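**Q** Below is one structure. I have some questions about it.
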């Protein structure tokens, strides 16, 4: 009797950096960061059909931006985990690419993390297995935080994760459909190996974060005390980033507007879903070619 193999599916939720401090650049060239990270309700979809040879089939509105399948982080993550777990059963991945590429919301990293979760499920591996987290770190700096896809403070080069319960936030995310390569933004930041960022010490004094159930105003005040150190260099690479932030900040009901990651996606937090939806509709009407999403961050 032929065994029926059931396909497994995961959502690869977009990552949003509510704050992002660049502490400095290590002597090995990696940048030390501290960032409050949350996840949006928009996502790519990833499915694994266990038992097949390792492969990737990509579709969706952003598929042409992905490049060759062999370079996709899904395949990279699977191969790295296979190196660490002898006898790992892989399979055929199907990616539904919905999120913008090179957008500062960890689309590729979220896809890779979803692949690791799928392989963990199909092989009986715990998500906190050191081998899985090692594969995540080797795949990319944003992959470890995307494995759990839970709000946290991310430190180091992405491997230090401290849970930070946040309330559900109404938000609008906007990408002007321009790519902002991370390497170009860090190059514009201009730190040399071993150099600290101006005005930042080795230890960043984090604010006393409110309780999850605290009034929204307390959270906005705490988040407003932070910054994204990559905003200024991203504006040098793509000036439209500044236009997007200004547009979001000017929307009725916007409480905080900022860039996520290394850009070009920016976000604004609103006091209600209705205000966020109205703002998103207005922005989409004015800029029909932009990617605009009204939803929640958590």
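These residue numbers are counts, starting from 1, taken along the chain as shown.
For all residues, glycine too, the Cβ spot is worked out from N, Cα and C.
The following feature annotations were taken from Swiss-Prot:
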- 15: active site (ACT_SITE)
- 142: active site (ACT_SITE)
- 100, 101, 102, 103, 104, 105, 106, 107, 108, 109, 110: ATP binding site (BINDING)
**Q** Excluding near sequence neighbours, so keeping only residues 6 or more apart in the same chain, what lies with its CB under 8 A of residue 106 (ATP binding site)?
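**A** Long-range Cβ contacts: 14, 15, 142, 145, 146, 261.
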**Q** If you count, for each of the binding-site residues 100, 104, 108, the other Cβ atoms lying within 10 Å of its Cβ, which residue has the minimum?
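**A** Each of the binding-site residues 100, 104, 108 was scored by Cβ atoms within 10 Å; lowest is 100.
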**Q** Would you identify which of the binding-site residues 102, 110 has the most other C-beta atoms lying within 10 angstroms of its C-beta?
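**A** The largest 10 Å Cβ neighbour count belongs to 110.
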**Q** Given the recorded ATP site (100, 101, 102, 103, 104, 105, 106, 107, 108, 109, 110), which additional residues of the same chain have their Cβ within 8 Å of the Cβ centre, ordered by sequence?
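**A** Neighbours found: 14, 15, 99, 261, 265.
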